[in-house]
Amino acid sequence: MASTTAAATAPPRPLHLRSPSSLSRSSLAISTRAVLPRSFPSLRTCVAPLSRRRHLSVRCNSGLSPELKSTLDKVVTSNKVVLFMKGTKDFPQCGFSHTVVQILKSLNVPFETLDVLSNEALCQGLKEYSSWPTFPQLYIDGEFFGGCDITVDAYKSGELQELLEKTMLS
């Protein structure tokens, strides 16, 4: 019985990680190409070592490129209601996204969704585009409305229904 207690209270063994210097530039490039979509070719070189020292420095041109900003402008202005979320409206991947989808569905509002989990460049660029660090992000009539908490509060107060009625009539 004493041996079980000793095993249960033994400190965890330390993890032994590969040294970053053992990673080759080509292995980084291959893994980066596999993750990033073809629609953002400039981001394929996002991860690249900058030095040959013992630690790995990483250069990343993340953020909002002019091309991504133009694409987001088109998406947001060409749809009256757009929800950038984790997952899809049929299969939300987070509780906050699910909540906003349920609110919009309960109001019978037609809306488009974009899955930010499927594209890291979109996810990071959108945070800069809206100056909002989390998802979901709701856009109504081309303007950023808010995240989950703001949407829930506006729904409870009736402000959201009022705004969406005006938007659908315009």
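In case you wondered, yes, glycine gets a Cβ from its N, Cα and C as well.
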If I go by TrEMBL, the feature region 'Disordered' sits on one of 1-21, 22-42, 127-147. Which? 1-21
Just to be sure I understand, if DSSP states are collapsed into helix, strand and coil, how many residues of the domain 'Glutaredoxin' (81-144) fall in each? 26 helix, 17 strand, 21 coil
Over the domain 'Glutaredoxin' (81-144) the mean pLDDT stands at 96
